[in-house]
Structures are given as C-alpha cells and as structure tokens.
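In TrEMBL this protein carries:
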- B:108-165: domain 'Phage shock protein PspC N-terminal' (DOMAIN)
- B:220-360: domain 'PspC-related transmembrane region' (DOMAIN)
- B:406-538: domain 'PspC-related ToastRack' (DOMAIN)
- B:139-162: transmembrane segment (TRANSMEM)
- B:251-280: transmembrane segment (TRANSMEM)
- B:300-325: transmembrane segment (TRANSMEM)
- B:337-355: transmembrane segment (TRANSMEM)
Amino acid sequence: MKIENTKAQMRKGVLEYCILSVLKDDDAYVAEILDTLKNAKLLVVEGTIYPLLTRLKNAGLLNYRWEESTSGPPRKYYGLTETGKLFLNELTITWSELQNAVNIVTSQKNKDNE
Amino acid sequence: MNKTVNINLAGIFFHIDEDAYLKLQRYLEAIKRSFTDSQGRSEIIADIEARIAELFNERVKNDRQVISIKEVDAVITIMGQPEDYLVDDEIFEDEPTPSYSKKSSTNKKLFRDTDNSYIGGVSSGLAHYFGIDTIWIRLAWVLLIFGAGTGILLYILLWILVPEAKTTAEKIMMTGAPVNISNIEKKIKDGFETVTETVGDVAKNVSSSVSDAVKHVDFEKQGNKIKSTSKGFFDTIGNIIMFFFKVFAKFIGVILILVGATSLIALIVGLFSVGAVNFIHIPGLDMIDVVNSGNTPVWLVSLLAFLTAGIPLFFIFYLGLKILINNLKSIGNIAKYSLFGLWIMSIIGLFIIGIRQASEHAFNESVVEKNELYITKNDTLKIKMIGSDLYRKNKYGHRDSFKVIKDDNGNKSIYRSDVRIIVKSTTDTIGSISIEKSADGRDHDKARERAKNINYSYQINRNELLLDSYLTTSVDNKFSDQEIIVYLNLPEGIIANFYKNTKSYLNYYSKSGNIVQQKYANRYIKILEDDIECLNCPIEDDENDFELKVNTPKVKINEDGIEIKADDTSLKIDNNGLKAKAEDVKVNIDANGINIETD
C-alpha cells in the first residue's frame, strides 16, 4: 500500500462534498470552483474535476447555464438543484459526524502514544 | 522556424505550432479514450476543451501570438495526465490499483505477454519482468523440460496463475514503463502500425481499462454478483478446455517443426555429401557413379530426390510453425504453388530417370568363349579358384559381391564375384571349357558390348585348372549385372577333384544339367554319363534307417535276424542263412546251398 494512494483516496473521497459546498451559496463556473479547490490544496490538477461535475450533473444534483465571457469561450455556470441541496445537507451531517469520529479516534491514539 | 496550424478550440480561434498542435491532439485523444460514452464523454471533452481554450486565452497577449509547445505543456501540467481524470472511478475500489498512480506505476508487474507468445506468453512476460531477452527464458524452459519435465508443469502453472496483459495500461506496466500519456499513446500507435485488426481492441482496451472498475462496481451495486460469478465459472471451464486444446495443438506444432526441421537438415546434409562426390573424394561413394548405368548426372538425381522429399517436409515444418505462431506471415500463394509445381516436376523427373535406369537393364546378352581341355580318360583333373590380387585375395564364397577396386596404377575397375561353375559330362575324348559372359544393356548391341568387355581368365597347369573367382570390367561399363558362367565339359571316365574353395561357385542343386553339386567339393569324383561317382565320400547313411526290435515269445526281430515261431512252424533268418520249418518239411538255405528235408 502506497502513501500517495491513500492520500489521493482521502482527498478524492471528500471532493464531491466540497464541490457541492462551493456551489452552496452561489452559482460558479468551473474556473471558480477550481480556484477554490486549488487554493485549499484539495486538487492538484484540474482534469480531475470534469468527470466529477458531469457525473453530479447527470445524477441531477447540479444544473448549469451558459454565460458569455469577455475573454474566451462561453462559460458553464453550475448551480445546485433542489436534490443537490438535500444531498449536500445529508453530506454535511455525515461529514461532521465523520470529523468527530476521526478526531476522537486519532486523539485517543495520541493519548496512548503519550 | 515552425509551421503553424489554425485551430478552433471551443469556438475560439488559435494559432498553434504544429508540434504543439500534435501534442495537444494526442493529449485530447488519450483523455477521450479514458471515458466511455455512458460517462458523458463528449460533454466532458467539450468542458475540457473549453477550459484549455480559457487557459490558452490567458496566456495569449495578442491575436498574433502563436501557441507553442511551452504553453501546451503548461496547460497539460494544470489539467493533469489522462490517468488523473480517472479520479472518481477509483473511489469505490477496495484496493487502489497502483497503476493509476503515477509513482507506483514504475513498478513492474508480472503479466503474460500474449502479443509475443509462442504458447501462453509466460516466457515473454517473465522476460519483461526480469528485463532480459525472451530467448534466455525460453532456453531455460527447454532445459527444464529435459529436467524430468518440471518445466512443463511449472509453465502450465504460471500460465494459469499469471494474468494476461489485456489492457494497454497492463501492457505498459508489464514492461515497467510508467503509465502516462506518451506511453499509452505510443502503445496505441504501435497497435495501429502492426496489426490494424486489433486497433479496435486496443482502443477499447484503453477505455475499458479505465472504465472496468466502474463497470465492476455497477455489477455489484445491481446485485448481479451471482450472475457474474456463474458466468465467470463457465468462462473458466471454457477457458480450461480451450487451454488444453491449445496445448495439444502447440504440442503437435512442436512435433511437426522438429520432424520437419531435422529431416530437412538431414536431407540437406545428404544432398551436399552426394552432390560433392565430384569434388571431394569420399571412399565408397564412387559406387554411385558405377551403379548409375543411365549416366544421369549424380547432382541432378540428388537434387530431384531432395526436392521430392524436401518440399513436403518443408510444408510439414511450415504447418508446425503456423500452429505455434498464430500471426505467422503467410509465405504467399505464389510460393506455395511454385513449390508444389516444383515438387510435381521433380517427381516426374525422378520417374523418367528411373525408367532410363531400368531400360539400361532391359536386354541381357552373353558371349561364349570355348576352349579345349586336354584331359583324357583316367586322368585326374584338379579345379581350383583363384582370388584377385587386388581385392579379397584368398577369400571365397561371397557371391555377387560388387566393388570398385583400383590397381597399382590407380585405374578403377569394377570387381564382381558372380561366377558359377556348371559341370557336364561329354562322350568326347577331350574336354572343353566354355566361359559365358553376360551383361545387361538398353539394347542388344550395348549388352553384347558390355558382355565382351568383361575380363575373366583361367589357367591350366598340367592337370590343374585354375579359375578366377571374380570378374572385372572397366568402370565405364557401369554395373550392368555382369555374370560369368563356366561350363566344364568333362569326358566320361576322368576323375575330377574340385578344390574346397569351389564350393560356393558350384550349384547347390543339379539344375541345368549340372552334375557336380556343392557337396562334392573337396571330393574325388568320377565322371559318368550325366552322373558322377564319388570315390571318397563317406558312406551315406540311409535316411530311412530305423531300428526295429521285437521280442515276443513267437516273434523276435533284432540285429541278429528274424525268428518267427508258430505251433508247428518256424522261420529263422540270420547270418547263418534261412531256416524254415513246417510240420513235415525243413528248408535250409545257407552257405552250403539249399537243403530240403522231409520226414
């Protein structure tokens, strides 16, 4: 088992959740989503996001609209659908539970080590 | 200086260097292969193209600037390698496949390389794995097979256990090269160039290697696990059956190759050793020249024989290769038909030569030389065989042996020991000796000429007749069944002594008027009219001799005689004579005469 794999695995696992979170308040086009994710160092290369977005859209969690751009091709602005919002809420709950659980387990380990 | 290309990327116009354009094209193609249609491939590609256009746009300062390979590289760095697009598929994998992560992909994995396989691709797979040439692995297998067949067992085990490299990614992994765009793309290109047929497969492989995981997950999700496992089970049985068929076929292929190759090699060696007779002198091989009475060039005969036997062997060899190597290139119909034609022609050629050779023996002619034998009644004639000074001196009894011998001057001649002696009686007062020489030829004249060319001699020393035990003739006359028959006409009343070395030259039976058979060799015999009398032969035991002994009160038969007694009558025969006794009469026959007594 390689550490890189596990790391990538962990990051990728929360990627969908993060994408939905980025779009929670406002619609955004891909570059904006990418900027946010890359700033958070959740994403190394951009290619990863396209299949994800398509899949979320196909699952009915996202929809998009076209907007003209002053510099470059027209942009796809993604937004959450109603289902997407419900989905996001579910994930948020799951995430905080998971975060808690991980915290408890890891701090427990730390105590043991001390 | 660089050529530029105009492209339209997501509706935006770009000038791009040609090399940069090619790289971008390959990149997009590789990404395209990473997705299936069900994943929304065209949409994803459109999104990616739009993003790339955007990134280019950021880098282009004005309309006249050209996109170079530097910009393309930068964009690829941002977008990531094709395998980075696989992200979501892997999430559901229990065990992340290391091949999809860039760093671990430098690790080699053992796969069977069926693209370069003879049997199951185990050897080439191992060769990739150990980074050595396949031939060494194959040699090792051959050695192991001789090592009590452990190689075969091991091979079959590996064949079953080691997975086949099916997808492009696996094939790349097998060689240990990192799985990245340039390698995948190179592999795909190779596929295009070598076998067009498989291109579809390869292309499918790339995308399926990517989407396999997803499909697998889908199966499980839909609860189709049972279906898939049962399908797998029957697939396995099918595979096992196919496997044995393959092993059997390959085995036959190997045998065919071995048989074909070894016989071909043997034939070629044979061809050269016979064909080279004229250049290199090999003892014994000059026989061929002598037997070849049709005067056909030896090289032609051997060439025709080589073709007649060699062409079918070549096809056997080729068939074996074809079984072993699936994608063996055909030798082409022209080659096949011309080989076949050549084969037919050489058969016809051999046939003609055979007929010519046979016709050389079509006619048999003989010439007879007759001489008088001065021998008169009551003389004793001794007959002896004399061997050749050059060959097998003092060895007798090898009838029909046939050799090419050389005299002291190096002249070659044919030596043969087909000499027969036929003895007849004559009423003349002097005897005669006739030498009949006979030989074969394609016509009467030729046969007669060859018969005349036979050298045979005899000597008469007083009452001793010395016969050559062999005939010789020039090599030019070829072997044409040369024979010598010595007719001895001996006057009745003389005594002949056939020396013991004549035994095998005499006839066993008394056919064609022969009166002296083998058994009389080394005996003194008297010539009678159409018969002989052996003077010192041991008395022949009567073959029908048997001992009879009867010893009853009334009848006695033994070595002494016969004695029969009845009530009043008796009969006795013994050394003393015959005694018969009846009731009133006695008859005695003995040295004294016949004496009859009555009471």
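Each Cβ is built from the backbone N, Cα and C atoms, and glycine gets one as well.
A quick note: this is a predicted structure, and the numbers were derived from the prediction, not measured.
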Contacting positions for the transmembrane segment (B:300-325) when only residues 6+ beyond its ends and CB under 8 Å are counted: 118-119, 249-250, 252-261, 263-264, 267-268, 270-271, 274-275, 292, 331, 339-340, 342-343, 345-347, 349-350, 353
Helix, strand and coil counts within the domain 'PspC-related ToastRack' (B:406-538) (DSSP): 21 helix, 64 strand, 48 coil
Residues from the same chain, set at least six apart from the ends of the transmembrane segment (B:337-355), whose C-beta lies under 8 A from its own: 294, 296, 300-301, 303-305, 307-308, 311-312, 314-315
Arithmetic mean of per-residue pLDDT over the domain 'PspC-related ToastRack' (B:406-538): 84
